[in-house]
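Single-structure report; data block below.
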Ligand SMILES: O=C([O-])CC(=O)C(=O)O
Ligand SMILES: [Mg+2]
């Protein structure tokens, strides 16, 4: 047995050395058994079984007062705990009571993070059993505020920090992480955290929150999840001056310096964890997000949540809404405010689905979709100055320089906000939508709540109760004219945990658009 294991490991290390030291491959990559995770030769960790005092401090195994009498004897816990034995159910009740007493959402967030550091199973039990109540705490919108204040609330690292200082040593850094069998990595460089902008290294809250959902909603083991923040600096002046800032105190590296660090990271991940590890890109700025996805989409199992996850969940929402507003996808006119990752990602998936349904080429179906950015409607006369990901949306049309005018001339049936800028669906915009639509579909997708294009209350009130509304961040039900309206939530959280689970358990090594369409269905 020993020698077989050794041979296997030696075999793996030779294989790694020969073929996995650089980013290479592509769709024709050999789809063999992954051995990267078996290569433990240089890992300095020893596996030990915690007992006694250490067991109580090991969040993976600690049960607190729920350790039974028998377990207290078996694991040298006698005397280390008060005599009462309480069930996990009672622990849950106690924690929910105390979390509900906090009025400030950030206090609830901190309480949840402390629980995760103390008793991981209880953390997930609580999250799973109270998902509607706790999702807005560990995830959007509260996680946004947590990132803004991450330096002040930071207690213990919950993921890996890979900064420019680690250049040339990223593989070693990955080996410092105590878990070997990683299935899902969520990585950010913190440049566009939700709609809050550049939060640098403090963006770590996002991978941590996303991966908590991978476990709670997708059922992936916590030990197989790895949150990573790549720190290349920040252009956020406030953070650079903040004495509690936890990141590199320099402006963002760009160009070749940035590309080289990311390339080393992507190679190291594949070398260390193999072909089947899922890397989810999260909250990168537009200018890097599209490029990274295009570059690594053919060599790695990568998925951009903001482009592809959001697209999939929003298309699902639109298709579901057709039951209320009528028509087929192809019969609707779409107008977007925001032409970044989410906007163009959703637009493209809608165009693709219409193309599948009608057999029309996607170049044609794109024409049903118009996008407005900060400079107005995206039209062909602007083509030369547009970023490449906006070019497919530059249709023949007169220039229109603001959203309200675009709504009036295009008369969309579906209005989608993905600009990251709050309060942009004004009363005039919603009233215009309601003037030519019996049931205008309004999606205010930007996060967190402060960046939402409008609130649920505004959408229902200004449309006199006729809007069909969903938002990226959750809103409470709202009563209008004696009727209670329950807004939908259109957030990629409704898809990425299941989508990622599907990728991981199927052993996929690349992500394709068909998978996004299937997930959306
Ligand atoms: O995190 C969320 O709530 C959704 C998302 O990906 C984003 O807004 O960037
Ligand atoms: Mg995101």
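Cβ atoms are placed via backbone N, Cα and C, with glycine included.
Fair warning: this is a prediction, and the values are worked out from it, not measured in the lab.
306 is the residue from 263, 306 that TrEMBL records in the divalent metal cation site together with 282, 283. Counted within 10 Å of its Cβ, the other Cβ atoms near residue 491 ((S)-malate binding site) come to 23, all protein chains included.
Here the domain 'Malic enzyme N-terminal' (116-297) has a mean pLDDT of 97 out of 100. For residue 210 (active site, proton acceptor), applying a Cβ distance below 8 Å and a minimum sequence separation of six or more within one chain yields 139, 186, 227, 280, 282, 305, 493, 496.
Residue 210 (active site, proton acceptor) falls within a helix when secondary structure is assigned with DSSP. Ligand 2 lies within reach of none of the recorded positions 139, 192, 210, 447, 491, judged by a C-beta closer than 6 angstroms to any of its atoms.
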